[in-house]
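Residues annotated as domain 'Nucleoside diphosphate kinase-like' in TrEMBL: 2-139. Annotated ATP binding site per TrEMBL: LYS10, PHE58, ARG86, THR92, ARG103, ASN113, in sequence order. Taken from TrEMBL, the feature active site, pros-phosphohistidine intermediate applies to HIS116.
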Amino acid sequence: MMEKSFVMMKPDTIQRRLMGKVLSRFEEKGLQIVAVKMMHISPGLAQEHYGEHCERPFFNDLVEYITSSAVLAMVIQGDDCISMIRKMVGATNPKEADLGTIRGDYALDTGRNIIHASDSPQSAEREIALFFQDSEICDYSMPDSDLIYEE
Ligand code: UDP
């Protein structure tokens, strides 16, 4: 099923100049980038985005980290892409993430794990609506889609 996922490169990805490498992985997989926005997240938006963790001991540090500098917010589209992107991103703790995943290859610390990706269709819908207007999501065809999808 065609899905949209919310993916966000965290401040460390941008500051470490890893944006291009990370973005390339999604493009090379055959996924479609349908929205991109570089922005500074306000504390309010960070608290809302990570609301499910508000009681956790790491919450304040997480909000501080994610608001510390610019992030790159994205919407990525593809067949069953929500779970696929989670696999590509790897485990929350980069030390446990498999090599070959984004966190496994580029990060070492849970508190600096470089990327966020929606964990379910419900989260994706909520997160996309938090960060993007419908008009900011671009619908365009992929001329090579026959080479990526059988049907
Ligand atoms: N996090 C943290 N310490 C922890 C657990 C999580 O700093 O012990 C941060 C980390 O940046 C993680 C984010 O909180 O990516 C959200 O946690 P979640 O469990 O939702 O992991 P994710 O879905 O990002 O893999």
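Cβ coordinates are placed from backbone N, Cα and C, and glycine is handled just like the others.
Curation plays no part in TrEMBL annotations; they are all automatic predictions.
Shown here: features listed in TrEMBL, placed on the structure.
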residue : record                                          : Cβ neighbours (10 Å)
LYS10   : ATP binding site                                : 22
PHE58   : ATP binding site                                : 12
ARG86   : ATP binding site                                : 17
THR92   : ATP binding site                                : 10
ARG103  : ATP binding site                                : 24
ASN113  : ATP binding site                                : 24
HIS116  : active site, pros-phosphohistidine intermediate : 19
### the domain 'Nucleoside diphosphate kinase-like' (2-139), counted residue by residue under DSSP: helix, strand, coil
65 helix, 30 strand, 43 coil
## Note on the structure
Filtered by Cβ distance under 6 Å to ligand 1, the binding-site residues ARG86, ARG103, ASN113 reduce to ASN113
### Task
Work out how many Å separate THR92 (ATP binding site) and the residue listed as 'active site, pros-phosphohistidine intermediate' at their Cα atoms, rounded off.
9
### Spatial neighbours of the residue listed as 'active site, pros-phosphohistidine intermediate' among the binding-site residues LYS10, PHE58, ARG86 [C-alpha, 10 Å]
LYS10, ARG86
### Task
Compute all pairwise C-alpha distances among LYS10, PHE58, ARG86, THR92, ARG103, ASN113, the residues listed as binding ATP, and give the largest one in whole angstrom.
21
